[in-house]
Amino acid sequence: MTSTLEQKESAQANGAALPVVPGDCPEPTEGFLGPGGTGVEVVVLESRANAKGVLFPFLLAGFGTVAAGMVLDIVQHWDVFKQVTEVFILVPALLGLKGNLEMTLASRLSTAANIGQIDTPKELWKMITGNMALIQVQATVVGFLASIAAVVFGWIPDGHFSMDHAVLLCASSVATAFIASLVLGMIMIGVIVGSKKMGINPDNVATPIAASLGDLITLALLSGISWGLYKELESKVYVNPLVCAFFLSLLPIWIVIARRNSATREVLYSGWEPVIVAMAISSVGGLILDRTVSDPNFAGMAVFTPVINGVGGNLVAVQASRISTYLHMSGEPGDSPEPAPRRCPNPCSTFCSSDVNSRSARVLFLLVVPGHLVFLYTIHSMQGGHTTLTLIFIMFYMTAALLQVLILLYIADWMVHWMWGRHLDPDNFSIPYLTALGDLIGTGLLALSFHVLWLIGDRDSDVGD
């Protein structure tokens, strides 16, 4: 028979939850004691367990973003991307759906799995139907609003408006958001249920897989759908408005299903602010991408944009999900005896303390450089992009990536605790903001790096052609 110590070590290696049994720990944390002083479950997040539990999903997510970057590098030369450049504005907003919807779904279900809310088939089915209907509502609305933002951001600088292009953007955006969310939502549910049965912490697996598959599937769908609808503009103009109307007409069905589920009813009414604001933030990043990639001198930026944004969003989503799970072990949002932080935390407390979440932040930050080196080498080996990987380019790229993740992890530490103290569930509110900020910061820093490299003479725009 396996000893208690061996069982604990095995579970800890998987990042699983461990029960605190009286006598096992000499001084149990007061905030984790249940009624009558009995122990409750806490999540053990040791540094070595963090590295083991995160490394493989991190690399998996990274290779997914590399594949998405290779796709974007190819499709940027298609006629639809050249003639309707506003499609570039849709890219960060729709790729951000993995943060706004799929990764939020993954974090929400991971927390439910860790605290035993989907242990029975009835509870699991109820959680699945409600959450799938919810993300279809959010995906359709966000896709429609993202197309409006793309039209506005494309019209303001140029002063040119085309109704055909506007309807094309709307149909492409709504169809991509709907189909991608349906596919990714089903995958996420399978991953989380499978992780729970295998004794693996879903927080370590679900969000990275959502990030990797989300980028690739969403970008491939956007490229294929927009290309097909662009071809239809020449002979069948009615196809685009018909596609847009079809997906919008399904909204009432998903709303009714989501309202019947108590687990998603609150998010259906109150969860729109982070999703819409995150979409707007990502669209600003899309505008930066559109204006930069449209210049032939900076065409090489396209292949790296999904990589830097995907890695940053992936790491901060894992950290936010872990902090949220850690807080959920003490009760409901707002139940913590510690007051919500009114000021930004000291960076030393975020990265240098002995706190469990600080150790996790250090491990995630240390993954940035080796991870990006692997991804850059992969892009180079596949002859992707339009930029030679010189030493000075790698230095600028790594500086942008490190600065992006450093800022995001710091913001996550403050934002999750701030929302928790104000009775807001971080699983529903924090990740959309964080991943959208990752898109904006990553795209902005990458564009700045390319401009600086161009000014100092490191110019190479024909590699991979």
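Glycine is no exception: its Cβ is also placed from the backbone N, Cα and C atoms.
Residues or ranges marked as compositional bias 'Polar residues' in TrEMBL: 1-13. Summarising the annotation, TrEMBL assigns domain 'SLC41A/MgtE integral membrane' to 91-225, 305-448. Under the heading region 'Disordered', TrEMBL lists 1-20. As annotated by TrEMBL, transmembrane segment applies to 54-75, 132-154, 166-193, 205-225, 237-257, 269-289, 361-379, 391-411, 431-456.
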When counting Cβ pairs under 8 Å to the transmembrane segment (431-456), the leader among 54-75, 237-257, 269-289, 391-411: 269-289
Beyond a gap of at least 6 residues from its ends, the CB atoms lying under 8 Å from the transmembrane segment (166-193) belong to 84, 86-87, 90, 93-94, 97-98, 101-102, 105-106, 109-110, 113, 118, 124, 128, 131-132, 135-136, 138-140, 142-144, 146-148, 150-151, 202, 205-206, 209-210, 213-214, 217-218, 221-222, 225-226, 229-230, 233, 239-241, 243-244, 247-248, 250
Same-chain residues near the transmembrane segment (361-379), Cβ under 8 Å, at least 6 residues beyond its ends: 47, 50-51, 54-55, 58-59, 62-63, 65-66, 69-70, 303-304, 307-308, 311, 315, 318-319, 350-352, 385, 389, 394, 397-398, 401-402, 405-406, 409, 413
Cβ contacts under 8 Å made by the transmembrane segment (54-75) with residues that lie 6+ beyond its boundaries: 81, 91, 95, 204-205, 207-209, 211-216, 219-220, 223, 227, 302-307, 309-311, 314-315, 318, 363-364, 367, 371, 374-375, 378-379, 382, 384-386, 464
Spatial neighbours of the transmembrane segment (132-154) far in sequence, C-beta under 8 Å, 6+ residues away: 85-87, 89-90, 93-94, 97, 100-102, 105, 161, 165-166, 169-170, 172-178, 180-182, 185-186, 189, 244, 247-248, 250-251, 254-255, 257-258, 261, 264, 267-268, 271-272, 275-276, 279-280, 283-284, 286-287, 290
State the non-local partners of the transmembrane segment (237-257) in its own chain: residues 6+ outside its ends, Cβ under 8 Å from one of its Cβ atoms. 129-130, 133-134, 136-137, 140-141, 143-144, 164, 167-168, 170-171, 174-175, 178, 229, 268
Tell me the residue counts in helix, strand and coil for the domain 'SLC41A/MgtE integral membrane' (305-448), as DSSP assigns them. 108 helix, 0 strand, 36 coil
